[in-house]
Amino acid sequence: MASNSALLMKTIFLVLIFVSFAISPATSTAPEECGSESANPCVNKAKALPLKVIAIFVILIASMIGVGAPLFSRNVSFLQPDGNIFTIIKCFASGIILGTGFMHVLPDSFEMLSSICLEENPWHKFPFSGFLAMLSGLITLAIDSMATSLYTSKNAVGIMPHGHGHGHGPANDVTLPIKEDDSSNAQLLRYRVIAMVLELGIIVHSVVIGLSLGATSDTCTIKGLIAALCFHQMFEGMGLGGCILQAEYTNMKKFVMAFFFAVTTPFGIALGIALSTVYQDNSPKALITVGLLNACSAGLLIYMALVDLLAAEFMGPKLQGSIKMQFKCLIAALLGCGGMSIIAKWA
């Protein structure tokens, strides 16, 4: 079921890509610099190339550290998944994901889809970024809800013979063990849906920012951008790694999910380098494609951070039973959001 949900989200993103390329900018009245080489004196492809190659390996290592740290936390006594420290770290990582959606991905989408390089009609007459982010959040909600309910219904059918078909009786003393087990399985499924959908949104965003870095040749800003992206990927990986850990996948699946997260930004950088002769980040088609993808990623990340991560944690029995823990986790979430807000100055 979780794999079907991820497949649906991938299909939606692919449809958006095809739609963006189907929209023709042929009659554009954009300035001449749109889709052409920049006149910025800082642009130097020969000097930028070694920096971008270094960025591939540095960001790869930072991503591996970020996503791998939570996965190895079971081997550290004070970082057990049921402990207070791990809960605080999860809230910090959730704040990072929320900050990524609000401070990085969504503003980029607004900037791209309102660029002067795009036609006045329709791009400047309708807030496509906000609309698609909202739609993406609702679609994520639908997938999250339907995947859980379908699993619950399927599991309920499987235990009907033991319940003798009496779904309206108050025989809690007989069905309680089954219900607890069913609830545990449903929660595990939710963790798995969360991990897969969150990984999808992060991967799309990571490829996009990697592509942008690989295509740029601005030596005045590239060093700061690389440093910011290292912190960005490491902290974002912590959030994803925590979700993968809770999903209780097999070691092989954990490795595969961590691997794909770690390599997506370096892959995007390599792709940007390879396409740097033909890809122009200010061309209409590039702006539309990346802008639409960023809007969808933003809606997904914001929903996942607020609903499936922060709200689920704060409304759970652990935090509801301790005002002190609520305060600590709130501070951690604010620090995560604040950190990503600071990084937004450079990336």
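Note that Cβ sites are derived from N, Cα and C of the backbone, with glycine treated the same way.
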Membrane side match, Lys47 / Lys285, Swiss-Prot record: yes
Region pair the transmembrane segment (327-347) / the transmembrane segment (85-105), three or more CB pairs under 8 Å: yes
In contact by Cβ distance (the transmembrane segment (193-213), the transmembrane segment (287-307); 3 or more pairs under 8 Å): yes
Winner by Cβ pairs under 8 Å against the transmembrane segment (255-275), considering only 53-73, 193-213, 225-245: 193-213
